[in-house]
Amino acid sequence: MLEVLIIGAGPTGLYAAFLAGLRNLKAAVIESSAEPGGQLTAVYKDKYIYDIPGFPKITAKDYIDGQVLQYERFKSDLPIYYNEEAIDIKKHDDHFIVTTTTKTIETKFVLIAHGGGGFVPQKLKIDEHYDNILYFIKDLNQFKDKKIVVLGGGDSALDWAIDLSEYTKDVTLVHRRDEFRALQSSVDHFREKGTILTPYIVDTVEGNDKLVHTLVLKHAKTHERLNLDADYIVVNYGFVLTKSRLDEWGIEGEKGLIKVDYTMKTSLDGIYAAGNGIDYPGKVKLISTGQGEAATAIQSITTLLYPEKTRKFEHSTALIKE
């Protein structure tokens, strides 16, 4: 039986796993996607993060790679199971039975670090699947000297358009409104590098062999049509969270966020939570605060598991011997 099961392998869950290993807890992690990193991997892999302590800037990928390397000190005794979603959590005597996609796991404590749920991109409304219509970007080098169309008007759409313009001179941003939700400075920056078409919506696509070669755009006001050739279409209409199971699990929350106390305990004894999926007075959604919450949760769980031990928090310099 596990002492703690961590749900989620984003920056908060990975740090919780490292801390659990540091304290010799019998633990495991389940992650609903195929790789670690949560939202950072799903949405911002090649983007720079500027608010991580100690890093003036670092790409999301490099940061998560560093976290995985930090965790791997304990990976032989603390596995991460990918493509495993937490479907049900039930109390049984003095422990919990957690049902996942393919497993049944018994654990004394649960730490939820799922960031509020999985992120699903809002799709372009077309009937066919095309291989060059993308909702995530994993390698910017694939776009070198290609014709790129970016769809969207938010900060992420503008960020991608700006980043892509470093790899090709042919980037067109299409937005359905004249006004942008993105920062005006980003709009002005991209306007110097690429083409902006507003207010246009995608009417149809033309393609063959699973590849789009032409977008047919329709002007939102005049209904005039415009054909736009493209090698790749990058869609950034935003993301929606998958449905929360909090109610099914009996965990108190509001608007999909888990309510916790100062120890990071939820409304159910034995279940703790940390990261962007929680709420309490003064909560700030930052990677660093989520990791601090993970430290609090792991310390709370450790104290309950081993009450005979000191409550003093031991630092890594005392716990790791090279």
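Just so you know, glycine gets a Cβ as well, placed from its N, Cα and C.
The FAD binding site annotation in Swiss-Prot covers T12, E31, Q39, Y44, A86, F119, T317. There are 31 other Cβ atoms within 10 Å of the Cβ belonging to T12 (FAD binding site).
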Given the binding-site residues E31, Q39, Y44, A86, which one has the fewest other C-beta atoms within 10 angstroms of its C-beta?
Q39
What does DSSP assign Y44 (FAD binding site), in three states?
coil
